[in-house]
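K.L.:
I'd like to ask you about the structure that follows.
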Amino acid sequence: MPMQGAQRKLLGSLNSTPTATSNLGLAANHTGAPCLEVPIPDGLFLSLGLVSLVENVLVVAAIAKNRNLHSSMYCFICCLAVSDLLVSGSNMLETAIILLLEAGALVTRASVVQQLHNTIDVLTCSSMLCSLCFLGAIAVDRYISIFYALRYHSIMTLPRAQRAIAAIWVASVLSSTLFITYYDHAAVLLCLVVFFLAMLVLMAVLYVHMLARACQHAQGIIRLHKRQPPAHKGFGLRGAATLTILLGIFFLCWGPFFLHLTLVVFCPQHMTCSCIFKNFKVFLTLIICNTIIDPLIYAFRSQELRRTLKEVLLCSRWPGCWAEGGGDSVWPGSCVTLRGPLPP
């Protein structure tokens, strides 16, 4: 097809720099050693993206519907869901367009494909940056709620949270526009890698400090009630396991993508690096998996949000199901307002 080159560009600017891309073929020709390339079927990729879309839409709907969830913490969780939704949605859109172009079902000019390529790349990059930023914002919010509990509501006011959210979105869009425009500069890719490492360090420091404070608090309760020390040790182990899972999932899902960017800068012509470049779609799939896991970690653990989500799902069958205000709901044909969990 005459547009094959333009179609391939939809795979994303961050896949590799032009230098790296041009040398991948040479590396493969000079060495007969096979590369480990993990194929990701388009159907699987689109299915994971769809699961992420549905999951995060439900989180946004539940938070928007229940006024009890209109706090700074849930605002950050809602924005994390929106950014994760955009991450999965933009990658699904890109994959769908490529499949349509390759199948000949979508015929358009190369200039239009190029505009789509630029738009989707900016959307993907900005949503990724937002997702990382809101993960950091949630960590900061929880840190303040623990170490400044008495002043929390005066520090983390809703207007301040809204200003922080607006600043994150604006900064992410502007930064991603610059990153995509100058993606072939090594400094741009290094900035992205440094930003990821900064978020990782920030989250690790804050959550480790929170775990230490929780262990101290548990130890104080044990001494007060004169209980046996093993109970405190068990609490510390559970907390350490939870922290390891939280940070481990974050690193495993995001780390390979930023490792890819690092290798693009430092070893674009190395044979081993060229093999890693071939698994770029695997790294994107891991990020999609992270957008599926985020609601399970940050949203669905809230009993209030789960209750509201249950109401949203049950009341979706009747347009007039919801009563005005809060998360209260009214069954159709009844004047009884349910303020507790809905019956199964």
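Backbone N, Cα and C define each Cβ position, glycine as well.
Quick paste of what Swiss-Prot says about this protein:
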{"type": "CARBOHYD", "residues": "ASN29", "note": "N-linked glycosylation site"}
{"type": "LIPID", "residues": "CYS315", "note": "S-palmitoyl cysteine"}
{"type": "TOPO_DOM", "residues": "1-37", "note": "topological domain 'Extracellular'"}
{"type": "TOPO_DOM", "residues": "64-72", "note": "topological domain 'Cytoplasmic'"}
{"type": "TOPO_DOM", "residues": "94-118", "note": "topological domain 'Extracellular'"}
{"type": "TOPO_DOM", "residues": "141-163", "note": "topological domain 'Cytoplasmic'"}
{"type": "TOPO_DOM", "residues": "184-191", "note": "topological domain 'Extracellular'"}
{"type": "TOPO_DOM", "residues": "212-240", "note": "topological domain 'Cytoplasmic'"}
{"type": "TOPO_DOM", "residues": "267-279", "note": "topological domain 'Extracellular'"}
{"type": "TOPO_DOM", "residues": "301-344", "note": "topological domain 'Cytoplasmic'"}
{"type": "TRANSMEM", "residues": "38-63", "note": "transmembrane segment"}
{"type": "TRANSMEM", "residues": "73-93", "note": "transmembrane segment"}
{"type": "TRANSMEM", "residues": "119-140", "note": "transmembrane segment"}
{"type": "TRANSMEM", "residues": "164-183", "note": "transmembrane segment"}
{"type": "TRANSMEM", "residues": "192-211", "note": "transmembrane segment"}
{"type": "TRANSMEM", "residues": "241-266", "note": "transmembrane segment"}
{"type": "TRANSMEM", "residues": "280-300", "note": "transmembrane segment"}
K.L.:
For the transmembrane segment (241-266), which recorded stretch in the set 119-140, 164-183, 280-300 gives the largest number of Cβ pairs separated by under 8 Å?
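P.N.:
If we count Cβ pairs closer than 8 Å to the transmembrane segment (241-266), 280-300 scores highest.
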K.L.:
Which range out of 73-93, 164-183, 192-211, 280-300 gives the transmembrane segment (119-140) the most CB pairs under 8 Å?
P.N.:
73-93
K.L.:
Taking the Cβ of CYS315 (S-palmitoyl cysteine) as centre, how many other Cβ atoms lie within 10 Å?
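P.N.:
So the number of other Cβ atoms within 10 Å of CYS315 (S-palmitoyl cysteine) is 19.
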